[in-house]
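A.B. asks: Quick one: this structure, given as structure tokens, is what I'll be asking you about.
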Amino acid sequence: MGVKNLWDILESCKKKLPLHHLQNKKVCVDLSCWLVQMYSANRSPAFAKDKVYLKNLFHRIRALLALNCTLLFVTDGAIPSLKLATYRRRLGSISHAAKESDQPNSHPSISLRRNKGSEFSCMIKEAKRLGMALGIPCLDGLEEAEAQCASLDLESLCDGCFTSDSDAFLFGARTVYRDVFIGEGGYVICYEMEDIEKTLGFGRNSLISLAVLLGSDYSNGVNGFGPETACRLVKSVGDNLILDQILSNGVKATRKCKGKNSGNKVDDMCPKASSCEVGMTQDSDGQFRDVINAYLEPKCHSPDSEAVQRVCGQHPFLRPQLQKICEEYFDWSPEKTDQYILPKIAERELRRFSDLRSASSALGIKPLLSEIPVPCPVLAIVKQRKVHGNECYEVSWRNIEGLQVSVVPGDLVKSACPEKITEFLEKKGEEKKQKRRARPKKSGQAAVKDVDEQLQELLLGIEADSGGILGATASVCQTLTAAYTVAVEDVVDLSSPSPPLRKLSKSQKKMMAEDVNVAGMNMNKMESESSFSTQSSTSDVDNQLIDLSSPLAGGDNGMKGGRRALADISNVGSHSTETDGGGGGGGGVASVGHGTTIDLSSPSPAIGDRSRVHHDDDDVIHERKARDLRMFLDSIRNELY
């Protein structure tokens, strides 16, 4: 508890600081206060059985370790004799408390040893064991833990005290952290003695006098004094004289002036104290002196004692012991324990390295990263990350057993090893350049040449399998390939079937007996029953690109200059030859006249019962090969357009 109403009096001096304020600081912790805070959050049996209070302590410690905040646990020793009444009252022993209040100094020099077997004492032992595994030493105080913390702070052996007892200032503490909240947006509640002196005008002696007047763990206070009255009295006397005034003349309560004396009051105090006097209390039995001495000369370890020197040194992190403790208390696997604590330990090592570089820079020494005798904990930066909107880096670690990579704040990496960031950004820039480097574009003729080579390879394989039937197909493909090199607007579409063939006229049937050059394609012998030879056509033929996906002009006999015909190579071999009217040879030559349309995608209609011979096997083979060819050409067309 401390001094009654003191936290309210000091409210104007309270500061809410970010958790980062504790970075690189050494702080003493009143362990009893921390455990009481965590245990009071939930008093259910399940809470105590699952040791949730100990888990909360673990997570609070790991958050502070990541900031390189060095902690020192301090526990209570024996109960001071002046505090026995308060202690028994807290335990609910009213009768003992009443007797103790009647005779406050009946045993002034005897302290009461604490019950080491109580539930709370067992909680303290568990916390001390957990702290030792995390590298946090513990100092067992002679009496009050807050008095020992204040003594270390007063001697500059630490940067502050964690305690919720307001009487830490009375023992000499300069900086007191009352509460701490971890996590995103974490902060700490801080009180500075310097602020109290400047803002309120209260020094250490003034605060001790407030304890005498208002009451504390050591006394019940003086009747008639409230916070406002006590503060007015202390301010009116001054910090240097207030204790002597209390010891020599006692204290008397006063009230605000009313009536005829109100016009002469100074700072709400009546200059004629006798006229406004409420009560007078003399220190006849030395009660005030005992309380004052308890605060001015507390029983605690001296700064140069062996116990203090032992805990002020460095203590290692004991990973195997921590894994065992967490498995025993929390039922955690070693891997889960490592997942919680190792990233924080690594971050602490990086902060220590950053602090080393900052100290060197302050001395005017700015060595390169490779010249520092202590190796940098960061091996390399893996990638950039964003955590709660803050810039962070995922880094790989050097010499951190059990930890490969973790995420650390970006500002920490910048202060500890900016060279690693430069190295990472340069590497990232090179990777982007390689990705942006475009492949050299091939010229149009080179692209067509590649297409032609692929077509030739495919058609050679097809010709080897199907013989002379696909010779004509190869000629078609060569014609199409040549067409790609000519800048024309016509498009070759092999994906749509040709329209149905019209019925052949007698003149067309007669013309089939002649040898004709069909679309510039030589049709060699396709089957043993029929053969075709190529001759130059006497008619003029237009060298135009042929659209295989749309029907050609009507193939009437009067067609001028007729276009190059498309041959349906799937049925050419099945036409029987017609004998020439003037010839008496054995095997006539079947030929195709001008303007005749021969479909590549569908079987040709019957030219005549006498001239058609079905070869089912050849049709199946050709259809399959033609389909493959169309699919390949379609893929090339999609790539080009």
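Using N, Cα and C of the backbone, Cβ positions are placed for all residues, glycine too.
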A.B. asks: Looking at the Mg(2+) 2 binding annotation from Swiss-Prot, with Asp165, Asp167 already listed, which candidate in Asp140, Asp195, Asp217 is the matching residue?
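C.D. replies: The candidate from Asp140, Asp195, Asp217 that Swiss-Prot ties to Mg(2+) 2 along with Asp165, Asp167 is Asp217.
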A.B. asks: Taking Swiss-Prot at its word that Asp30, Glu144, Glu146 bind Mg(2+) 1, choose the one of Asp8, Asp50, Asp76, Asp179 listed for that site.
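C.D. replies: Mg(2+) 1 site check in Swiss-Prot: besides Asp30, Glu144, Glu146, the record includes Asp76 out of Asp8, Asp50, Asp76, Asp179.
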A.B. asks: I'd like the Cβ neighbour count for Asp217 (Mg(2+) 2 binding site), meaning other Cβ atoms within 10 Å of its Cβ, all protein chains included.
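C.D. replies: Other Cβ atoms within 10 Å of Asp217 (Mg(2+) 2 binding site): 23.
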A.B. asks: Which one of these binding-site residues has the most other Cβ atoms within 10 Å of its own Cβ: Glu146, Asp165?
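C.D. replies: When each Cβ's neighbours within 10 Å are tallied, Glu146 tops the list.
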A.B. asks: Summarise the region 'I-domain' (132-221) by DSSP state, stating how many residues are helix, strand and coil.
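C.D. replies: Output for the region 'I-domain' (132-221) reads 33 helix, 19 strand, 38 coil.
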A.B. asks: Out of Asp30, Asp76, which of the binding-site residues is least crowded by other Cβ atoms within 10 Å?
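C.D. replies: The binding-site residues Asp30, Asp76 were compared, and Asp76 has the fewest Cβ atoms within 10 Å.
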A.B. asks: Given the binding-site residues Glu144, Asp167, which one's Cβ is surrounded by the fewest other Cβ atoms within 10 Å?
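C.D. replies: Counting other Cβ atoms within 10 Å of each of the binding-site residues Glu144, Asp167 gives the minimum at Asp167.
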A.B. asks: Mean pLDDT for the region 'I-domain' (132-220), as a whole number?
C.D. replies: 94
A.B. asks: Within 10 Å of Asp167 (Mg(2+) 2 binding site) by C-alpha distance: pick out those among the binding-site residues Asp30, Asp76, Glu146, and say none if nothing qualifies.
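C.D. replies: Those near Asp167 (Mg(2+) 2 binding site) - Cα within 10 Å - are Glu146, in sequence order.
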A.B. asks: Roughly how many Å separate the Cα of Asp30 (Mg(2+) 1 binding site) from that of Asp217 (Mg(2+) 2 binding site), to the nearest whole number?
C.D. replies: 16
